Structure formats: C-alpha cells, structure tokens
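Engineer: Reproduced below are the annotations present in TrEMBL:
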type    : residues                                                                                 : note
BINDING : B:GLY112, B:VAL113, B:ILE114, B:GLY115, B:ASP116, B:THR136, B:SER137, B:LYS149, B:LYS158 : NAD(+) binding site
BINDING : B:GLU191, B:HIS256, B:HIS273                                                             : Zn(2+) binding site
DOMAIN  : B:74-186                                                                                 : domain '3-dehydroquinate synthase N-terminal'
DOMAIN  : B:189-334                                                                                : domain '3-dehydroquinate synthase C-terminal'
There are 2 protein chains.
Amino acid sequence: MKAIISVPLPQAAYDIVVAPAGLDHLGAWLAAAEPPLLKSGQKVLVVSNPTVFRHYGQRVLDSLQQAGYRVSHCVLPAGERYKTLRSVQKIYDAALAHRLERGSAMVALGGGVIGDMTGFAAATWLRGIAVVQVPTSLLAMVDAAIGGKTGVNHPQGKNLIGAFHQPRLVVIDPEVLKTLPAREFRAAMAEIIKYGVIWDGELFEGLEAAQRLDQVRYLPPELLQLILQRSCQAKADVVAQDEKEAGLRAILNYGHTIGHAIESLMQYRGINHGEAVAIGMVAAAAIATQLGWWDQAEADRQHQLLVKAALPTQIPAGLASDDIVALLSTDKKVQDGRVRFVLPKGIGQADTTDAVSEPLIRSVLAAMAA
Amino acid sequence: MKAIISVPLPQAAYDIVVAPAGLDHLGAWLAAAEPPLLKSGQKVLVVSNPTVFRHYGQRVLDSLQQAGYRVSHCVLPAGERYKTLRSVQKIYDAALAHRLERGSAMVALGGGVIGDMTGFAAATWLRGIAVVQVPTSLLAMVDAAIGGKTGVNHPQGKNLIGAFHQPRLVVIDPEVLKTLPAREFRAAMAEIIKYGVIWDGELFEGLEAAQRLDQVRYLPPELLQLILQRSCQAKADVVAQDEKEAGLRAILNYGHTIGHAIESLMQYRGINHGEAVAIGMVAAAAIATQLGWWDQAEADRQHQLLVKAALPTQIPAGLASDDIVALLSTDKKVQDGRVRFVLPKGIGQADTTDAVSEPLIRSVLAAMAA
C-alpha cells in the first residue's frame, strides 16, 4: 500500500508519499530520486518535539544517515503556545551550530506546530533552504504538511507571521497514528470531513459508509489509507490550482473563520484546532442554508458525520457571540474590512462570499449556544 | 530628469523611478498606475528611523494621504546593530495595531537596514503583503532597495535570516542625498564602482572621468542622475536574469566575501558595509591577478577609483588574517564546504569560482595589512 500524490506546482512540484513504514524509507527516497531530492553528503537538521522524537526520532535519523546524510536534530517543546518566533530562533540557533548551508535541508518530524515552525525556519534561513515534511498527526498529514503555508503565532493572533514555502517531499506513514491521542485523531476528522464537503463527494460518502470515525483503531487499514490519499489529493488539487491563495484556495478555510475566532478567544486552551473548525463548519452550514446556498438535508448529513467523529457542534459555554463577532474583524481573511466566509453549495462544492451580514452571523451563533 | 528602470521579473515585475522630488509623488505614482499599484483607501505603514523620518517623514505621509491611503508609521532605532528579529517584531506590533490586511502595504523609508527589515516584515506578515522601497541612502538606492533580498542579522552572522520579497515599486529621490553623511556617500561609491567592474564598463569610465567622487556636493546633478540610473540598471539586469541567486546574481557579491568577514570581525563598529566591500574588492582583485584572471593594469584602475572615492584599501589594523580566513567558512556563500569568490575578468565582466586556495587568500591578506 504505497501511494504517491503529485503536487504539480510550476516552480516547486513535489510528491506526497503515503506508505506504511514510510519513516524507514525517508532517506532512501530523498537520495534515490533522479536527480536526488537532496544531494548525498548534505546536512539535515531534524526538528521535532519530545514525545514524537522519543517514538520515532531514531528511526528517522537512522534512515537519513544510512542514505549518506549528515544528520543533527533539534527538539522543541510541544504545543500551540510554543509556536512562536522564540521557538523559531532555537531552530536558527541549531542551524547555525550545525552550519547548515544553502544546499542543506530541515526535516519537520511532528504535528502541525512543528511543521509550520520548521517550514518557516527553512523559508527564512539563508533566505530559504529545503524542507521535508514528515507529519505525525493526522491533522498535519491531511492539512498543514501540504501546501507550503508556514508560520508562527503573534501573541495577539494565530499565524499572523509566516511565509509560503513548499516542501521538497512529504512522507506520510499511517502507522505512526497508533500513538496519536484519540482526541487529536477526532480533531483531524473535522478537516477530512471538510474536504468531503468542499471538494470530494466520494470521500464524503466513504466517510458516511464507515462504521465508526471516532478512534483510529476502528478504521480498517485500507479505509485509513483511502482517507489519507483522498484528503491529500483534495488539498493537492486545490493548492496546485492556487498556490498563493489568490482565490480558490480560500475554500480550504471552510469552517475556519469562526473556528479561528473561537480558539483565539479560548486562548487555545480546552479546545483544539479541529474541534474549533468543526464548530465553524456547523456555523458556516447554518449560514449557507439561511442564505439558500445549501439544502438543509445536506447540512444535516454533515452534522451527522461530525457527530460520528465525536466532534463538538455547539459554541462552547461561556463564549459570547459579541466577542466572536468582534474578533472576526482581525482575521487574516478580512479584505477591505469585510469578513469572508466559505459556504457549501452542495456535497463536494463550496464558494466564498463577503456578503454575510452581521445580524445573520449573530443569529446563527445564538442558535448554536451550548 | 525622471527615469524609469523596469525590473522584468516574471512573477513580480516592477519599476524603479529615479526622479528629483520623487518623495512628493510617491502616493500619486502608486495610485495612478493602471491598474493601481495599491488600491485607493488601503492602509499603508511607513517604517523609518528617527533621523530620516524627521527630515522626510511628513512629506511621504502627506503624499500618501493625498493619494487616498490610510497612513500610519513606525519609527525604529537607526543602525546595523538594530537589524534584528526584535526590531522586526516592533513592525509586526505596528502592523497589528493598525490592522494591516492582505491588501495593505508597508513603505520602507530609510537606508538599507530599514529597507531590509521592512521588506522582511512585509514578506512574513500574513505570509506576504506589498512593500514599497523608498531608499534614502545612496547605498540602499543602488543596492539594497532593488532585488528583493530582505532579512535581519543573527547574533552570530549577518543576513542569516531572511526571504526574497520583491517590492511593488522603488522610488529614488536623489535630492535626499544632500542630508546623507559624507562617509555613507563614499561607502556607497564602493558598490557603484563594483557595478562598473562586474557589469558596466561605461559606468566605470564615467566614474574615471569625474573630478571627484568623495562627496555628493562635488557631483553635478546630471552625473549623479546618471550614476543612479546605470547602477540601478546594472542591478536590475542581474536580478532579472537570476531572481533567486541560482547563478549569475552571485557576481553582485564581488568584494563581499572578505568584506562580510571583516565587518563581522569588527562587530560592525568602526567600519561600514561599503568600506568593507571596498577592501574586499581590493582583495578579490589581487586574487584575480594572481590567478591570471585579470590584468594588473585594470586592477590598478579599480584601485585608483576606490582612492578617488576616499575608500579604504587595506586590512584594518588589528585584524588577523587567520580570523578572517576562519570566518569565511561560516559565510552564506559557502557551498559544499568551499568558499566562493567573485573575481573580475575585465572591466565590466566577472565570474565566480570556488577554486581559490587558502594559502593564496592568506598571502593576499598579508600583503594588504595596514
């Protein structure tokens, strides 16, 4: 079961490899391509967090060393609150200590936080060196690791500082998901359901046919492989058509407008990104049905999938609609002062609009109170 | 006397306007292009340093406001030692305070330090917003403001952190040079002489024909305009052929390999960038003549131009050749562990090589001791 998904970007085409035991082949895949994705003898800095590094660090280092690379590593604290310029500075310090050169590479071994920070460090070290993404969380596999968005948080806003920097290769090893906490697995299902809604109706129906979606151990390996492939393909399709988020790529933000506001107001505590996105998808679906963009029956099917994945569908207790609405105006997706929403028009189809009125947002949020 | 030099980059073409009183036309030029370079009503953050802002800040703010932009500003301390991530964070804070959006812009009003930091902040705010370069030092006019290199220093090395981010427009107003300290003017002459050596033999001969090159007040306005135009054209030519420094663009580093090592060893005190480059050009010329790449007579003509611009041509007292050689190995231009040099092959012609032996470097440096 090895699948290769191509991301055909004109300046920076690359492959996503989805394969069990992929960790052990990383070095060989980098070296064996013709021409090699990374020249033999080059330096590679592996960036990870303590838990992931303990589980998988040595296998990745071994794989790279056996392929002839000069390997070093840098372990950063885990968690969204460490996704800061300060952590990136630690990567810079490691890059300097190991004398990374323009032909060197960084490998991001971890979830979205490690991937975003390592990508940003690679984008900005010597004005850009290669980065390889090895996502170990389901969320990073189907989202953050693909598409070249990198960055860190500003104390007052998520992902305000960043750069576009496409990876040289993405390696996805489904087997590492067995050590992923169940809650993180469920959170990622929000993004996977999102791909079903905005892009891939067959993926959506595949998820509907699954027995359970709340824990990885209930998914047959074939289904997991299929979900990974189709989700990566959806993201790759969209990114390939709109690398720099000029238009189409905005649909990937389905559920994120209100989702970001919620996780920001909760200061990223007690809720994770996927859970916030799930709530945002419910809100966007309600807006879409109110505007006549989407059938209620299809919105209900989305709701059922989110429930099957044991994801939240209500505004967390204690959050005021006023605060959410106020925060929307600071979102990156604001253009000319108007908030942009991504709304579904069918299963597998979505579009953006900035014509959502504030009263409508308020009424939808009020109806979703816990 | 208004000249427009085009930088025909495929993804990001832009113009350099060289015109007296250009500061007062900045807003109009941004708004009047068809389509406008920056939409009317957009927010613009002007970044500057205290001295430059006192002289020219209000004129730039007025020009932008009159063209319909919503203007704010951010003043940072002057000097290379403030070219740090910490200063960039102050720009981020200002961008957040003024709620800059993806359609907003930053204007860099100042020398190379302001230009590099503002460019980097713009490259990384919301993963990239527009930047307009308004260089006020001669060095920034002919070098830093053109070509999209942005960045800051790491405590242990210059420009190690950065990104490529092309400006939307570059506005050069020669009249602001009247407030430029004489020493900074001379330092910039090093880069201008460099363009004569590596790219434009006619510029070189024009400089040879000048009466004096040591202070701006001795240069007739027509000669100054000509120097600016031809230097910008040289930089634009090279950048257009090699935006990301894959090959040709490396020749712009003529004089910079040893120059960077010298200013780094002196911790950027007692010497400025142009002076260090002048010394580096003398060293590179000596290496080139020793290797048989360059005629001694032409190397002597370069030497005479540097002396006419009152630039240093010897290694500063107290600097050990060993320390310079040791530091070369940490330079960004190191590839596969070998130091790359740019060497002249004639007046207006240069090439790169990594075949310069360490003993040759040492003997050249020894001969240049003060």
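Sequential numbering from 1, following the chain as shown.
Cβ coordinates are placed from backbone N, Cα and C, and glycine is handled just like the others.
Predicted automatically and left uncurated, TrEMBL annotations should be read as such.
Values in this document were obtained by computation on a predicted structure and should not be read as measured data.
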Engineer: How long is the line from the C-alpha of B:ILE114 (NAD(+) binding site) to the C-alpha of B:HIS273 (Zn(2+) binding site), rounded to the nearest angstrom?
Structural biologist: 15
Engineer: Between B:GLU191 (Zn(2+) binding site) and B:LYS158 (NAD(+) binding site), what is the CA-CA distance rounded to a whole number of Å?
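Structural biologist: A Cα-Cα distance of 18 Å.
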Engineer: Around the Zn(2+) site formed by B:GLU191, B:HIS256, B:HIS273, list the extra residues of the same chain whose Cβ is within 8 Å of the site's Cβ centroid.
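Structural biologist: Filtered neighbour residues, in order: B:LEU139, B:ASP143, B:ALA190, B:LYS194, B:GLY255, B:GLY259, B:GLY274, B:ALA276, B:VAL277, B:GLY280.
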Engineer: Measuring Cα to Cα, how far is B:ASP116 (NAD(+) binding site) from B:HIS273 (Zn(2+) binding site) in Å?
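Structural biologist: Checking the Cα atoms of B:ASP116 (NAD(+) binding site) and B:HIS273 (Zn(2+) binding site) gives a distance of 14 Å.
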Engineer: Could you check the binding-site residues B:ILE114, B:SER137, B:LYS158, B:HIS256, B:HIS273 and say which one's CB has the most other CB atoms within 10 Å?
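Structural biologist: That would be B:ILE114, with the most Cβ atoms nearby.
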Engineer: Among all protein chains shown, how many Cβ atoms are found within 10 Å of the Cβ of B:ASP116 (NAD(+) binding site), not counting that one?
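Structural biologist: Summing over all protein chains shown, B:ASP116 (NAD(+) binding site) has 26 other Cβ atoms within 10 Å.
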Engineer: Quick one: pull the CA-CA distance for B:HIS273 (Zn(2+) binding site) versus B:SER137 (NAD(+) binding site), whole Å only.
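Structural biologist: Here the two Cα atoms are 12 Å apart.
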Engineer: Let me know the DSSP-derived helix, strand or coil state of B:LYS158 (NAD(+) binding site), please.
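Structural biologist: B:LYS158 (NAD(+) binding site) sits in a strand per DSSP.
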Engineer: Would you mind listing, in sequence order, the residues at least six apart from B:GLY112 (NAD(+) binding site) in the same chain with a Cβ closer than 8 Å to its Cβ?
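Structural biologist: Long-range Cβ contacts: B:PRO135, B:SER137, B:LEU139, B:ALA140, B:ASP143, B:ALA144, B:ALA145, B:HIS273.
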Engineer: For B:ASP116 (NAD(+) binding site), which DSSP three-state class applies?
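Structural biologist: For B:ASP116 (NAD(+) binding site) - judged by DSSP and reduced to three states - the answer is helix.
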Engineer: Would you mind reading off the Cα separation of B:HIS256 (Zn(2+) binding site) from B:LYS158 (NAD(+) binding site), to the nearest angstrom?
Structural biologist: 12
